[in-house]
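Colleague: Handing you a structure now.
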Amino acid sequence: MMNLNLLLSKPCQASTTRNELETGSSDACPRTIFIFARGSTEAGNMGALVGPFTANALESAYGASNVWVQGVGGPYTAGLVENALPAGTSQAAIREAQRLFNLAASKCPNTPITAGGYSQGAAVMSNAIPGLSAAVQDQIKGVVLFGYTKNLQNGGRIPNFPTSKTTIYCETGDLVCNGTLIITPAHLLYSDEAAVQAPTFLRAQIDSA
């Protein structure tokens, strides 16, 4: 089971909320849209441990006005108990992520969509994406998952989605990647991958789209 004390012992970092997809105009579509689902107990709709690092790197590469960053919030409350559900998160969270992907495709049908998820947020993405239409899946050019809680169960991939469009980061010693819900210190150490390797992969996917 989850070690809540260890999870909450991580020093507090500023959380972030981003809603450019929700507020952006279809008349000013960006170079890419980045949709991210935070980990359990993280505040805002982006969290602070992973998502903002990747978002900031994409903005540095393309310019802030050329990247819409959108966190999965609302019905996705990122509670701890939802990790124990069969999908590793709630159906409401999955539907909310799907709504955002569909919104991106309808607002900006020619814009490459990228996405990411951390911990429970990785489960949100791995459940949401397979349920999208083929057209929307095709518009998703790259997905990065960190501390993937369904990594073992899903064979190290997003079901029914190209592995060439997916990169999964699992730190040595992060036991959630081995099919458990045991939180070890390694589960909190993805900032480097989020800041460098993940955006590098996403940029390559965007630029080749």
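Quick reminder: no glycine exception, Cβ is built from N, Cα and C everywhere.
When I checked Swiss-Prot for this same protein, it listed these features:
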- S119: active site, nucleophile (ACT_SITE)
- D174: active site (ACT_SITE)
- H187: active site, proton donor/acceptor (ACT_SITE)
- C29-C108: disulfide bond (DISULFID)
- C170-C177: disulfide bond (DISULFID)
- S40: site 'Transition state stabilizer' (SITE)
- Q120: site 'Transition state stabilizer' (SITE)
Colleague: When you put the residue listed as 'active site' at the centre and draw a 10 Å sphere around its Cα, which of the recorded positions C29, S40, C108, Q120, H187 have their Cα inside it?
Modeller: H187
Colleague: What whole-number Å value do you get for the CA-CA distance of the residue listed as 'active site, proton donor/acceptor' and C29 (disulfide bond)?
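Modeller: Computed Cα spacing between the residue listed as 'active site, proton donor/acceptor' and C29 (disulfide bond) is 35 Å.
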Colleague: Show me the subset of C29, C108, S119, Q120 whose Cα is within 10 Å of S40 (site 'Transition state stabilizer'); these are the recorded positions I mean.
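Modeller: Cα within 10 Å of S40 (site 'Transition state stabilizer'): S119, Q120.
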Colleague: Counting only residues 6+ away in sequence within the same chain, which have a CB under 8 Å from the CB of C29 (disulfide bond)?
Modeller: K107, C108, N110, T111
Colleague: Going by a 10 angstroms cut-off between Cβ atoms, which of the recorded positions S40, S119, Q120 has the sparsest surroundings?
Modeller: S40
Colleague: Using DSSP, would you call D174 (active site) helix, strand or coil?
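Modeller: Coil, per DSSP.
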Colleague: Which whole-number value in Å describes the distance between the Cα atoms of C170 (disulfide bond) and Q120 (site 'Transition state stabilizer')?
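Modeller: A Cα-Cα distance of 13 Å.
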Colleague: My understanding is the cutoff is Cβ-Cβ under 8 Å with a sequence separation of 6 or more in the same chain; which residues meet that for C177 (disulfide bond)?
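Modeller: Listed in sequence order, they are G147, Y148, T149, N151, L152, C170, E171.
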